[in-house]
Amino acid sequence: MKMSVGLRTSSFAKLNRCVPWNLNVRKYVSDQLLADGEVKKSRIPLNIDTNMLKIGFLGGGKMAQALAKGLIRAGLSKGEMMLASCLPTDTGSIETFKEMKSNTVFTNVPVIDHGDVLILSVKPQVVPKVLPEFRIHDNKKLLISIAMGVSLASLEKALPKETPVIRVMPNTPALVGCGATVFARGKYASDKDAEITEKLFSAVGICEEVPETFIDPVTALAGSGPAYIYMVIEAMADGGVKMGLTRPIAYKLAAQTVLGAGTMVLETKLHPGQLKDDVSSPAGSTITGVHQLEKHGLRSAIITAVEAATLRCKEVSSQTEKN
Ligand SMILES: NC(=O)c1ccc[n+]([C@@H]2O[C@H](COP(=O)([O-])OP(=O)(O)OC[C@H]3O[C@@H](n4cnc5c(N)ncnc54)[C@H](OP(=O)(O)O)[C@@H]3O)[C@@H](O)[C@H]2O)c1
């Protein structure tokens, strides 16, 4: 089922009023990751003029639409400069691109011809059908793949020799401009290609360069993470309802509390344990609740979930590679 990106964008507008995600949050995340010494941050100034870039979306589904909307909203591109391939049956996506003043086509070759940068945004199982279309054209345009589980090596093998490829893992909050995206560059991708990728995906949240080996754990943490947090929000709201709150206020407060707590971690740069201690007064109600969460294994459940999801990603990737 297709999601309505338009609806989510209006939620983003509200969100953006209370969270300066595009400025402070990005900066704090970058600093923190660097402090941990784990992530290779793009260290080059973003000085390219992406306003002039023609973007081609191979597959015009919900991630492509989210990205297209983010790029327009951030003033990095114009709808008129984008072209997306959509199946004739996918009238919803065609309509969404039309609303952005973007053209759509039913085949991929015109998109390959059109784009300065090509975004491979079809489902992973469709990737092997699309890549041979590049051979015919033998071009060396930057290809950014967001397909889950498709490695740089297999993309490079299927593409014309020395095609610059970047593998990206976004997450669905990109739909509201709060995405957490990482990317890894292929053998032939240059600093400029990395710079373009970072700039494009920073338009829909934060974006960091990582080694490709990070992609599976990132998928398990940031890609699957929203699902875990939706469960937490639902459970917190259920608790509120059990104790007498109405559903609408319970969901709203639970969601805003998650948003606020995440922003506190990013903006104060304090350890989450410190922030937890700060709200847990002696013999108070918060420490009583915290004790219950410890008793019921909240931390262990989440650690195990990220571990299991990573292993599942690896399994899916190796199946995709075999096919
Ligand atoms: N959604 C996420 O949270 C997320 C996160 C990270 C990465 N990704 C990756 O992003 C990619 C796209 O995901 P999505 O959620 O945007 O999926 P989606 O909404 O299903 O988008 C894929 C689009 O490609 C179209 N398509 C199918 N065959 C095609 C072909 N031969 N040529 C051109 N287009 C074709 C589909 O049309 P029909 O619908 O008519 O088949 C659909 O509109 C996937 O590889 C996924 O792994 C998604």
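Cβ from N, Cα, C; glycine included.
DSSP classifies Gly60 (NADP(+) binding site) as coil under the three-state reduction. Other Cβ atoms within 10 Å of the Cβ of Gly60 (NADP(+) binding site), summed over all protein chains shown, number 28. Look at TrEMBL and you will find Leu58, Gly59, Gly60, Gly61, Lys62, Met63 tagged as NADP(+) binding site.
For Asn108 (NADPH binding site), the same-chain residues 6+ apart in sequence whose C-beta sits under 8 angstroms from its C-beta are Leu58, Ser85, Val130, Glu133. What TrEMBL lists as NADPH binding site is Asn108.
Per TrEMBL, domain 'Pyrroline-5-carboxylate reductase catalytic N-terminal' is recorded for 54-148. For the domain 'Pyrroline-5-carboxylate reductase catalytic N-terminal' (54-148), residue counts in helix, strand and coil come to 43 helix, 19 strand, 33 coil, using DSSP.
In the predicted model, the domain 'Pyrroline-5-carboxylate reductase dimerisation' (212-315) shows an average pLDDT of 97. The domain 'Pyrroline-5-carboxylate reductase dimerisation' annotation in TrEMBL covers 212-315.
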Residue, out of the binding-site residues Gly59, Gly61, whose Cβ gathers the largest set of other Cβ atoms within 10 Å
Gly59
Show which residues of the chain containing Met63 (NADP(+) binding site), separated from it by at least 6 in sequence, have their CB under 8 Å from its CB.
Ser121, Ile146, Pro170, Ala174
For the domain 'Pyrroline-5-carboxylate reductase dimerisation' (212-315), residues assigned helix / strand / coil by DSSP:
88 helix, 0 strand, 16 coil
